[in-house]
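Peer 1: First the structure, then my questions, so here it is.
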Amino acid sequence: LAAPPPKSKKTLTKSGVKNIVVVEGVRIPFLQSGTSYADLMPHDLARAALQGLLNRTSVPREVVDYIVYGTVIQEVKTSNVAREAALGAGFSDKTPAHTVTMACISSNQAMTTGVGMIAAGQCDVVVAGGVELMSDVPIRHSRKMRKTMLTLNRAKTLGQKLSLLSKIRPDYFAPELPAVAEFSTSETMGHSADRLAAAFAVSRLEQDEYALRSHTLAKKAQDGGLLLDVVPFKVPGKDTVTKDNGIRPSSMEQMGKLKPAFVKPYGTVTAANSSFLTDGASAVLLMSEEKALAMGYKPKAYLRDFVYVSQDPKDQLLLGPTYATPKVLEKAGLTMADIDVFEFHEAFAGQILANLKAMDSDWFAQNYMGRKSKVGAPPLEKFNTWGGSLSLGHPFAATGCRLVMTTAHSLKKEGGQYGLVAACAAGGLPKCVLGP
Amino acid sequence: LKLCQAVVGLLGRFLVDLVLFFFSRSQILKGWRAAALIGLENPFRPTVNTLSKQLSSEFTDIMNEIWANEAVKSAVLISSKPGSFIAGADLDMIEACKTSQEVAQLSQEGQKMLEKIEQSPKPVVAAISGSCLGGGLELAIACHYRIATKEKKTVLATPEVLLGLLPGAGGTQRLPKMVGLPAAFDIMLTGRNIRADRAKKMGLVDQLVDPLGPGVKSPEARTIEYLEEVAIDFARGLANRTVSAKRSKGLMQKLTDYAMAVPFVRQQVYKTVENKVRKQTKGLYPAPLKIIETVKAGLDQGHDAGYLAESQNFGQLAVTKESKALLGLYRGQVYCKKNKFGTPQQEVKTLAVLGAGLMGAGIAQVSVDKGLKTILKDTAQQGLDRGQQQVFKGLNSKVKKKSLTSFERDSILSNLTGQLDYKGFEKADMVIEAVFEDINIKHKVLKEVEAVIPAHCVFASNTSALPISQIAAVSKRPEKVIGMHYFSPVDRMQLLEIITTDKTSQDTAASAVAVGLKQGKIVIVVKDGPGFYTTRCLGPMLAEVVRVLQEGTDPKKIDAISTAFGFPVGAATLIDEVGVDVATHVAEDLGKAFGERFGGGSIELFKLMVEKGFLGRKAGKGFYIYQEGVKNRSVNSGMDEILARFKLPAKPEVCTDEDIQMRLVTRFVNEAAMCLQEGILSSPVEGDIGAVFGLGFPPCLGGPFRYVDSYGAKQLVDKLRKYEAVYGSQFTPCQLLLDYANNPSKKFHQ
């Protein structure tokens, strides 16, 4: 075995800037929606993740200065889900908490919010996390019906009430479902992914192969006990859930039989090569390095640099990692070769492969990114080697913390130094975090 | 995946309703595999006669080759030209034919060629991106399967009817079978553009392909490539029978088809459609009726009779004067979509509009809509609010029609700034004023604006009659002052009349034309003078309307005879629409400038109307009573007294319906000719376009100049002389008309 090439930089420590560390991170098992978590509420999942974090780290509750949580599809009863979960998990009622949203990178946003607070000297200890419960989503009455109901509240006489009620028509009862679609373009994410795959000429075969790889690697990681961030969750009225239930390595043949899910009848994105609807929650404990060391913790990772980028929500919705990767590398003064572990969010196999092709294209770099040349695609042997969102599942807002923890654990196992996390998100807002 | 499909370069081009291909032999490549690709291009324009023969035989050759080659199982027809499947109509070809038989012959050749495709034992798939019009659509529907890109530029239509023709290569026969009788009539009789998604719903195309964003190639290039890949997949599927070309029809269509199979029901449909067409066209346009007749022949008498009727009727229509007039308008329109002043030195990116009234807001709407940063300024908040609401409403109606998304609407509106002051005018590249038509107010705003705008900024005045040189008199930089006369409602009227003064610079003109074209207008450029061109032509005609009214013809009757002549709006209604006060104002101004030639009716009649508040539609009362929600408006009985007061004896020798029509039209035409004679107009083409698109001159006549050509200058002068003898000098023919009358070979349009 050849010795790894020397790194461009020995350390990313910057003078005058606090080092911010991940002490620990956990997640409850990610489950396909409609399974064991189906009867819970989002804050129940978040609560379980928070309690898991407390148990694992034994951090005294009063030390935590602040809690930030990410969520995408909001349960209206717990709009500040961070606060509800924190109270339920036994955190001090003196610890403030807020909730952020940024589509699939909501917990990345929660973490970088924490990083900002620590860097600014506002806090020393922040818990960040994300939660998503796709088993239950808010389905609303139609706008017309809502309007009638609200007016009804204000109606004083019986006559007024009756006249309002008499205006209700059958179509008033048609419910409004939340769509996984861009508001600006009305295009669903799957449809966009199919077009993206076509734009980069990613074939159905390539996508199925990639999806199979993800499931196979995830299975291996699960069986090998590598998914250290998973904490068991005793679901009320049900058995304790201990592992992710979406990992299903199949055969190319089986996958080949599926019909396209979005662009019918000739598209390439299918249920098998997309991430599935998932319930789950995650949480990480962030501290300033000095605080962590003072408390006797050995940091699992250092969060160094991050960038958020955004681009055209129609045609480049899912290309965030392509734009963010070279930017964050340059910011940190590293090259692709310096990175030992890449963890990219796998929304769709087609989306990952399109990003890899885009990163490997000079034409794309020159015409769309304003760069002289391509940054190059990450080598697959360092890329999502323990599976990804396709196989482990993708509870939208909980994925970011999983990516960071997988990177941290993977770096430790492989003896690597630098890791890179990237994800795409609706609205064309992806981000990148550099690990230790 | 290896690209082993044979690429057969078929350099095709398209002639109205006939698909004729020029096929370059040298481009047949290598081996064939499952699908053959036929590329359509239009690299050059060879002469017509040789082309026709050559093309049909060569097209047959290539189809023969496809059939003969065992390895080829199917074919894909795709254009290698982005933005157009087949759109270009070669009108020369039709015009070059001397007789209807010759044209019918062309139609038959086209029919045969498309029939060959239809009957091909190997499936042929049309892959459509961009405009698929006329014969392009006929070719597409002769194929076995159609796949279209879901892009804004992809439109399907049979615009032949707009040129006074019918789809002459099997379209009248195939369309009813494909989309059902009612939809087929709708497509062919309106000639309207059908977007790809709508076409899919109608059953006109079988599959849609979404346009792609950037990949490792440009979005356009990759989208075409993707379309090709998908089309090849389907062509293969059709060949090995994993894909069926048979479309599953919805319940409604099944019911419709079932009903249409009953001869009695069909006869009722023909009758209804025919009545509707007769009512709308007043019998002035032969093409729609011929389309109905042709469809009928095919459905009632069978295949051969249908195709024969199609080619015969196509031939007959092509030589009608209506078709020639419409063709002339089409060409004129193309001519008026070019900027003959070249590219302006500085592109207009920020436009300011003064006055948020009906016109100002309309101008703002068509500007912001096309990506111009637009400032809308008014002097009062209330007026500004109304104007901004008008723009919103205009864009929102597009959202309702689904040609715009609500997101696009919002993002367009973010470029519109409504304000009461001159903030930001220092960045304006052009200012268009649409303030009240009063020379003092125009002078005031011109001076105010010149104090705040940058040196390169153009000042344009939207006025319908005030001479631009008069407005420019107070300008420090008259070379930057120009007239831009928009027509109401701005978002729907296609014409823009640009007025240059002696001092207006070429670059200013170039800039104004560029903005007009960007706004999607058909632009004519005329010289300055009272009433410019359009208002000036309308003046004498309206004066004559007043005369006719005074002679005891009631407004309803005047409307009826003017619409019977082909005007889209009756003459009395037109005055109500324009506004009686505006008409009075303009008539007075022009009367002062031109004297007797603008005489005829008594302007006092208008003045009395204004006094009584009968200002037209905007006041709810004019010649008619206008009420919200009431469709059949009634004649304003308050007018009886006014008309009685100004009553003049009618002269029976010039008061038949036809005479009244001719009195109106000859005065219009005479004034138009005068404009050309005086150099206000630079060409008859612009005169025709201005009259038809700005004033509603009957399109079937092709405009005043084309009308002189077809009616005969001599005959027209004779008419004028006849009326001159009765009424006096307002009917005196101008010198230019006399010249043309004296020389029968002289025509405005060769």
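Including glycine, each Cβ sits where the backbone N, Cα and C put it.
Remember, TrEMBL labels are computer predictions, not curated facts.
Found this in TrEMBL, in case it helps:
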- A:Cys104: active site, acyl-thioester intermediate (ACT_SITE)
- A:His394: active site, proton acceptor (ACT_SITE)
- A:Cys424: active site, proton acceptor (ACT_SITE)
- A:20-290: domain 'Thiolase N-terminal' (DOMAIN)
- A:297-430: domain 'Thiolase C-terminal' (DOMAIN)
Peer 1: By DSSP, how many residues in the domain 'Thiolase C-terminal' (A:297-430) are helix, how many strand, and how many coil?
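Peer 2: DSSP classes over the domain 'Thiolase C-terminal' (A:297-430) add up to 63 helix, 20 strand, 51 coil.
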Peer 1: Can you check what DSSP calls the residue listed as 'active site, acyl-thioester intermediate', collapsed to helix, strand or coil?
Peer 2: strand
Peer 1: Calculate the distance in Å between the alpha carbons (Cα) of A:His394 (active site, proton acceptor) and A:Cys104 (active site, acyl-thioester intermediate), and round it to a whole number.
Peer 2: 9
Peer 1: Do me a favour and check the Cα-Cα span between A:Cys104 (active site, acyl-thioester intermediate) and A:Cys424 (active site, proton acceptor); whole Å is fine.
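Peer 2: Checking the Cα atoms of A:Cys104 (active site, acyl-thioester intermediate) and A:Cys424 (active site, proton acceptor) gives a distance of 7 Å.
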Peer 1: Mean pLDDT for the domain 'Thiolase N-terminal' (A:20-290), rounded to an integer?
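Peer 2: Summing pLDDT over the domain 'Thiolase N-terminal' (A:20-290) and dividing by its length gives 94.
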Peer 1: Return the count of C-beta atoms lying within 10 angstroms of the C-beta of A:His394 (active site, proton acceptor), excluding that atom itself.
Peer 2: 27
Peer 1: Counting every protein chain present, what is the number of Cβ atoms, excluding its own, within 10 Å of the Cβ of A:Cys104 (active site, acyl-thioester intermediate)?
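Peer 2: Taking every protein chain into account, the count is 31.
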